[in-house]
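Right, one structure below, let's go through it.
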């Protein structure tokens, strides 16, 4: 389970293709999506299947009937193609397999916020933020119900509107649920007994659930490191878990079933820390997450998804449908430091979690891995500690300095190789992963920068008998600068359409401590009990931070739509770090909206945003038109289509810029062309009559005009619109700026990107 301890990478395309995906002469599992069609019965699905295939028994594996309609079945490719042509069928596609993409993080967010909040905005703020009247659904690997993070101490009765249940499964009974954990379901293969349960056998879902809504737990730590009070973003919220993942991944048909049940159960927020790899981003009508999220949002549920871990390359962000709140990952102001001490007591800063004890004094021989090359290997292989490239006699008893430039083997594989050859410590050189603390248990290992590696190499080359030691980890708090965008966090623009700016927001996703399954002996430090809390990194960890805040906003504003909640989160985000400078990317460059969307989420700002952008059902329907879907398909997909609706005749991807989104993306802007974009804001500040004026932050070479230059609201709930006019005298690469509306009390920031590039990938 080492790969889970550090961060959850979206796995390669080859792993996405399920063994059941159909070849021409072989049945596979297909999803038949029938949109928002109501009134379908199981027999209707059987009849549809019988119309293309005679004599198939038990072909239907799963059916959907609450929030949307359809089924998953074993079909041949020809049968799937035939069903796709039938009336009422929106799409048919192979069942994909997706993969999984703290105590201090919440305190850091609280102190980072630069938004001043009234102590009593509408009701008692502490009870509102507690969120006991909200329900967060976690679609993930399940839950470890015995964790203290899921205690129901001092919680009131379960909400009467809750329609869900706790399903009995392997090593899990309905009694494992309580007033905190109010729902638990599972979906999986019938021949895999250990996963026929809501119980978490991987750990990821437990960690995510605790980050979103874990109860307050004092003295939480990872084997004594970073001890503090653990709590979720909305510690009073109820939790419902939907286990869709096993060690083999997360089945698309199971993900859709979880959405279908969550809609019927009555969840308020859905937190989804999984998705496809960026190299295989399915179109919207063949993406189980996009489909399920569309219908969840139609039913008033806010859907929060991780952006993926394929960064820092451009265009790697996933889960980018406009009705999804897409979350990137940032660092926090805590650092897990494991230093190297050279002869002469020169200390070199390292990053990693180890509980080694080889002494504080630098007395152990230190060598560069290249010098331990065996006769059959190249120097590049040896200096990168490639398995099989080093001489055991030269490694034994030494601390090894090892490069990590090959990308062929993980740090764990290199650690294992050095250990197997008798090495007593490993110093890995990696500028990217240095910002993320990997867990090496009791083995002395740390990660350093290439700049510091040059100093160590100079010491080795200039010293007859170089020596060193590696110190056990200490947790450093108030680390500066923070936050920074994590190197692995997936980047924009969206591969679906560049005219929606993604990701939407960023949140803590590096070195996050949260609850863990209680029987994980594989990750137990020697001589210790299994950890009750664990340290993980990934956009998987960032997502539940946002889910928790979304639940808190919903608790305080129960009538708000998912888009209003999204807007409140985005428009109150911060772009500055804890040294009052601009947030940077992993490279040190100033971050852009492609790195972090609107910025770093505020823990309190979304509770009082002042104004919100409400993206309506018609906005989403128009988006589908502009994206290329015809009216007949949209009529199948949407339950909220007005009578007589037809797609605009002039539908084009450029019009996507005009849906009422909290950010703006404009592409295909030719030289000297003028492009108008409109937006509508709703007054939710509670002050009645108030006026807002815009502040513009503009990039070089772009002309921007806002009309009108003042929005005069006369009452709460009033909607007012404005236009933004963009023009450029010459072609532009992607440039970034923002429009911030303020009335002196609230600041409502809208980021934008403008480019002369095509809006299509």
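Cβ from N, Cα, C; glycine included.
Straight from TrEMBL, the features:
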{"type": "ACT_SITE", "residues": "140", "note": "active site, charge relay system"}
{"type": "ACT_SITE", "residues": "204", "note": "active site, charge relay system"}
{"type": "ACT_SITE", "residues": "540", "note": "active site, charge relay system"}
{"type": "DOMAIN", "residues": "29-101", "note": "domain 'Inhibitor I9'"}
{"type": "DOMAIN", "residues": "131-579", "note": "domain 'Peptidase S8/S53'"}
{"type": "DOMAIN", "residues": "658-754", "note": "domain 'Subtilisin-like protease fibronectin type-III'"}
{"type": "SIGNAL", "residues": "1-23", "note": "signal peptide"}
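Distance noted between the C-alpha atoms of residue 540 (active site, charge relay system) and residue 204 (active site, charge relay system) is 8 Å. Neighbour count (other Cβ atoms within 10 Å of the Cβ, all protein chains): 26 for residue 204 (active site, charge relay system). Sequence-distant contacts (6 or more apart, same chain, Cβ under 8 Å) of residue 140 (active site, charge relay system) comprise 100, 204, 205, 208, 209, 241, 242, 243, 244, 245, 271, 272, 273, 274. Per-residue pLDDT, averaged across the domain 'Inhibitor I9' (29-101), gives 90. Other Cβ atoms within 10 Å of the Cβ of residue 540 (active site, charge relay system) number 33 in total over all chains.
Here the domain 'Inhibitor I9' (29-101) is broken down by DSSP into helix, strand and coil counts: 17 helix, 24 strand, 32 coil.
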